[in-house]
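Listed features, source Swiss-Prot:
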BINDING   ILE291, ASP292, VAL293, GLY294, GLY295, GLY296, LEU297, GLY298, ILE299, ASP300, PHE301  substrate binding site
MOD_RES   LYS109  N6-(pyridoxal phosphate)lysine
Amino acid sequence: MTNFEPKKLKKNWTIEDSISTYEIDKWGDKYFSINSKGNISVTKDINSEKKIDLFKLVRELKSREINTPLIIRFNDILKDRINALHDAFLKAIKTYKYKNIYQGVFPVKCNQQKNVLEKIIEFGSPWNFGLEVGSKSELLIGLALLENQNSLLICNGYKDKKYIEIATLARKLGKNPIIVIEQKDEVNRIIEAVQDLNASPLIGIRAKLSSKSSGRWSKSVGDNSKFGLSIPEIMSTIKELKEANLINEMRLLHFHIGSQISDIAVIKDALQEASQIYVELFKLGAPMKYIDVGGGLGIDFDGTKTSSNTSTNYSLQNYANDVIATIKDSCELNNIEHPTIISESGRAIISHCSVLIFNVLGTSHVSSKLKIYDDKKQSLIISNLIETFYELKKLKNKKINLSQIIELWNDAKKFKEDCLVAFRLGFLSLAERAYAEELTWACAKEIANNLNNDEINHPDLFEITETLASTYYANLSIFKSIPDCWAINQIFPIMPIHRHLEEPFCKGNFADLTCDSDGKLNSFINNGKIKSLLNLHEPEQDKDYLIGIFMTGAYQEALGNLHNLFGNTNVVHIDINQNDSYKVKNIIKEDSKSEILQLLDYSSASLVESIRINTEAAIDQKKLTIEEARKLIDQIEISLRKSSYLSE
């Protein structure tokens, strides 16, 4: 019997090794680190020494019957992100002697959760922080939550007459809605609403910029972009507003060049074009007051500070400086007052505060044991594989001859393929085919155990690592909790939240609970590149192995779906105290199976009754005892009240 054990790389694994492996010092933005116990720590804000132990927090939440998978939102990090955004603009305003203010709004579409929006409004109140809405439903949220009469409510999206009427009348409540014209036909609807209501709204225009964008959302600009008015349409809109005596309500220019802009040069070009449009609108007689630079402020998911899709080649301060300086230059060249600057920086505000935690249910990998059979009657193909295996064993502890190893590996693959052909033709039994596959894995493990990382990553050998990798079964639905991983191949930082004093000598990826081959996490950050396998620990018997997915606060909950009927996870809002302790502020309980089924018009009572009728028939036919029927119904009723995830 031959045993193949995972290859340990270091004798004394340190926290520094874990930091290097998972690059937490690069993407963590000082909010996340590893403590002396080998657990992830979460910091109150980037200037604070106050931290809490994330692993300890999750265990204590479990003792409260708040199980994984769960989302933990750190209110202090959310507050710090809002403060950091305003501090950056305040510094830029002071540096460039800008003669107006920055007044941000949060795009509700990034995270519509009530507790989140209430905190954003609370934390942003010193700066009259407002909201941006893109539908009538979001408009109603904004009108209900925004009580500060100095806060702005930017009204974007498609607008029918009712949308416009609601926003217009809300102005009489002391609210500050600005209706942004994004489609040309909205002009007539605004004019009709004004005539019907005898009330006027504040008006803005979204410009369809010609400046090129970058990244996944580059089509947000250009002639074929979904929203915005072309320059000729802007000119005709100004003419129509003048004819309707509404030009004095025209106050804002808005543009948006896409989400998660990675290259600061793209932002600069757009700012220059938009600033000049703002100047021209002023010259055309509009009493302009605001310029809304939209979203696009990116965050550094992979920590490389580059212009890749998962990073940014600029800092928050760089961004604020360029916004302030560019708009100032355009206005001063034309003797125009500096406008109030608005941004819709959703991802940069909300991403860092949310961490998704899940537990590993189990693992699968190729067999680690092999018994070599020396049978003279066995197939020649099998004999060839055995001979290849022994040739590889002879190379153990000898000077590595990489070309020879590659040749032997190619031989092993060819012999395995020959076995498959023979099996299809009926010349090889199922047992022989299984033996051939085990021998091929054995060859792969011999090679892996004899080579270092650089050697095993040779293009002709890299598939060995993939072959030997473990699949870690994750107690979550990717489609529900991190849909961007599936939909657009978004990369989030992923790592264990504990055991960082131990070497993670296994390599693996994650499979979720859904019956879908797309339900896999197999793309991980790797010094600016993407790797398909993550260093992981061997799960311990009867102990949770907990994994964190970081920076998930934007869009994921709104976009998540009910694939295979996995519902909302537990959500917990945490305040970090000054004494390294915490306070649980809010708990939003996970969906039960009954609640999920109700969304699809299934009555739990009807389902149970239908099954009960079946059990009665089975009892009559002597297929089921009364005791078995009762037990089945009891289990179903209990299950309906429980989570859709595996926490029972």
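Note: Cβ is positioned from N, Cα and C throughout, glycine not excepted.
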Quiz item: About how far apart, in whole Å, are the alpha carbons (Cα) of GLY295 (substrate binding site) and LYS109 (N6-(pyridoxal phosphate)lysine)?
Solution: 12
Exercise. Mind giving me a neighbour count for PHE301 (substrate binding site)? Other Cβ atoms within 10 Å of its Cβ, every protein chain shown.
Key: 22
Quiz item: What are the non-local neighbours of the residue listed as 'N6-(pyridoxal phosphate)lysine', defined as same-chain residues 6+ apart in sequence with CB under 8 A from its CB?
Solution: GLY134, GLU138, GLY346, TYR555, ALA558
Exercise. Count the Cβ atoms, other than its own, that fall within 10 Å of the Cβ of VAL293 (substrate binding site), considering every protein chain shown.
Key: 27
Quiz item: What same-chain residues, at least 6 away in sequence, bring their CB to under 8 Å of the CB of ILE299 (substrate binding site)?
Solution: GLN260, THR312, ARG347, ALA348, SER351, HIS352, MET551
Quiz item: Which residues in the same chain, at least 6 apart in sequence, have a Cβ under 8 Å from the Cβ of ILE291 (substrate binding site)?
Solution: LEU252, LEU253, HIS254, ALA274, SER275, TYR278, ILE327, PRO339, THR340, ILE341, ILE342
Quiz prompt | Surrounding CB atoms that lie within 10 Å of the CB of LEU297 (substrate binding site), all protein chains | solution = 25
Quiz item: For PHE301 (substrate binding site), which DSSP three-state class applies?
Solution: coil
Practice problem: According to DSSP, folded down to helix, strand and coil, what is LYS109 (N6-(pyridoxal phosphate)lysine)? | Solution: helix
